[in-house]
Amino acid sequence: MSATATEPAGPRAAGAPRRSLASRIVNRAGGGAVQIVLVLIALLWLVPVVGLFLASLRSGADNAGSGWWTVLTKPTELTVQAYGDMLSDSTMVDSFVNTVLITVPATVLVVVVAALAAYAFAWMEFPGRDWLFLVVVGLLVVPVQVGLIPVATMYGKVGLYGTIPGVVLFHVAYGLPFAIFLLRNYFAGIPRDLLEAARMDGGTEWTIFRRVIFPLGGPAIASLAIFQFLWVWNDLLIALIFADSGSQPITMAIQQQTRQFGSNIDVIAPGSFLSMIVPLVVFFAFQRHFVQGVLAGSVK
Amino acid sequence: MAERPELTETGTAGPAGAGAAETGSGPSAERGRAGAGRWLPSGFLAPALVLLGLLVAYPILFTIWRSLFDAGGDTFVGLDNYVAMFTDSQTFTALKNNLIWVLVAPALVTSLGLIFAVLTERVRWATAFRLVVFMPMAISMVAAGVIFTLVYDRAPERGLLNAVVVGVHDVFADPSPFPGARPRDTGPLATRAGAYETRQQARPGQTVTLPLVAITPQRQRELAPARSAQARPGALTGTVWADFTPGAQAKANQIDPTEKGLGGITVEAVSGGRVAATATTAADGTFTFTGLADGAYTVRLPAGNFAQPYNGVNWLGPSLVTPAIIASYVWMWAGFAMVLIGAGLAAIPRDALEAARVDGATEWQVFRRVTMPLLAPVLMVVMVTLVINVLKIFDLIYIIAPGSSQEEANVLALQMYLRSFVGERGDQGLGSAIAVVLLLLVLPAMMFNIRRFRREQG
């Protein structure tokens, strides 16, 4: 629908009571005020991020003495020194690599494992199917906090404590109930004809899954993958429990830095930006799926 | 979902829309499906069920069981750990803060989201605005926490918010001329309630000396030389100056040639506890009271001359830390509410709105009587989702709250982590009890969401 407030000549002006010039001016002024308010709000949302970015482009000494906004009048302060230091110090780079090593498998595994189960729940006949599905969906309510102590104990016994596979498995397990729920509902909407046709052609369940379900489930799988990717990429709590200094992701590395004594914004600011780059790229590249993924996943 | 909310308003194809898919005409040999069919579903389900069973289902039972034992895990204590949530002051604070979070944050986020969604409805660059406000959803709470530690920094020269607050404050209140300046311990001036006053009283016609120290060398360089006030009949005169010459053999309480006058200071002549006259020092530090009635006066320099500059608000101090962190949460999640509510608004049938307008309803009436009731289910979903999210809030608080006020900012998820995994006094019994309580708190909200989701998916 078009902006009725600024287009009084539209169809609705004919039906509505006739408007005086004064009320049109008030309307326009109101529209202008709304625009100004929105610009201010947008600035309010942007300035903190810009602040961190500019802080990451200043030296530690400059940051200790004055605020990031000083660079607006003294652009000579800008330096990539902090980024250089960060890249030459292995802690942040290693933890960035760890984040990738945790996030990619945790996302792929959730998608594959959940898609298999969702297909069985949607299109296979077996006794107790609906009951089992209900139990799986019921596990959605379990907050990760419930799993921390028992799984930490378990990992200690089998040697998964402090390892990347340990972190990945925990993420996968707690991502599954929602993933299965989302995908089963989506798969159930795929027309039966397509599956029957594949069966007629002699396809096994496995071929049907690979050739029909997986491609047709694309949009749901994309939303799920993006959501799960972000959830794992941005996690701190699970990493704090199950990772150690060798397997820590970047969120944990940043957190450790904030606990250090004294100001080390020259480490924290570029590190935070490094951690934000990938989610922001995903955000801008896959906007539509991103929004759907975040909204779909937000029921967790 | 019934409608698929997006930043832009393009349609999406459903599963059937994907259309021309391969229908599995690959090299698939005829296999004995009848035999394998029985066990096939378990093959598809096994990976998920094993993971869920081991890492999600079994831990529920373990955690409930564990919550009935003491810190060591050997002694059965019944419900003592649950009682401790109310008696252990740290945990109780966390519980109270969680309550504040649940009551305040979802309502704030939803109202802001509603306002943003309504405001952007008629603006051409709505997509750009929504993009900006939604963006914080992409980044981690750790990064958002770092961003807001910069915003909330105590020092006005570093913290954005305090820089703004101090700037605004100083527009309305003049900063004091010489913050921190004070008299020597021995000398003509004594300190009383922050103000400095002469130990000996003076009469009109006399001259007083008011030496002060603790003025930074940089500041002194900007000042004019001090001058001894001339005695004048019928007037009380004097000099306020910086009584310190670096390195030189200057005498205390005497105006030496290199010493500087302190201009702009308010001076009061006090008699019998009442201010009889007020003067302001000239650039050379001299002042004159004329027209005083004869008598003995105490000369006083009020505390306002030396007040420390206004330093802004201690946002992350014990009293404000929770509201401050809630504000950062609002910053992160308002976009989420805005997009969901925006989709709800777009789904409202235009006819209903037009009909009300034709009937002569004002825009406000249309909004209250037509839009809001139709929007209520969406608002409910947003609120419930936020409640679930807020109950489990952890990272933002752990990152933003400084160690000194972490206890005042504490919430259940953080307390569960601290109590179970950090420090010497680990108590996984209490930690388990907190986890169980979190599960119980999340349960009703989650049931609501699942029921709604099932309905929408049909």
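Glycine residues also receive a Cβ, built from the backbone N, Cα and C atoms like all the rest.
TrEMBL entries are annotated by machine, without manual review.
For A:33-55 (among others), the entry in TrEMBL reads transmembrane segment.
What TrEMBL lists as transmembrane segment is A:96-119 (among others).
Marked as domain 'ABC transmembrane type-1' by TrEMBL: A:96-286.
Counting residues 6+ beyond its ends, the transmembrane segment (A:131-155) has Cβ neighbours under 8 Å at 117, 121, 161, 166, 170, 173-174, 176-178, 180-181, 184, 237-238, 241-242, 299-300 in the same chain. The annotation transmembrane segment is assigned in TrEMBL to A:131-155 (among others).
Tertiary proximity for the transmembrane segment (A:167-187) is limited to same-chain residues at least six positions away from its ends with a CB under 8 Å from its CB atoms, namely 102, 105-106, 109-111, 113-115, 117-119, 121-123, 133, 136-140, 142, 144, 147, 151, 160, 213, 217, 219-221, 223-224, 228, 231-232, 235, 238-239, 242-243, 247, 249, 296-297, 299-300. Feature annotation from TrEMBL assigns transmembrane segment to A:167-187 (among others).
What TrEMBL lists as transmembrane segment is A:208-230 (among others).
Sequence-distant contacts of the transmembrane segment (A:267-286), counting only residues of its own chain at least 6 positions beyond either end whose CB sits under 8 Å from a CB of the stretch, comprise 52-53, 55-56, 63, 82-83, 85-86, 89, 92, 96, 99, 222, 226, 229-230, 233-234, 250-251, 253-254, 257-258. Under the heading transmembrane segment, TrEMBL lists A:267-286 (among others).
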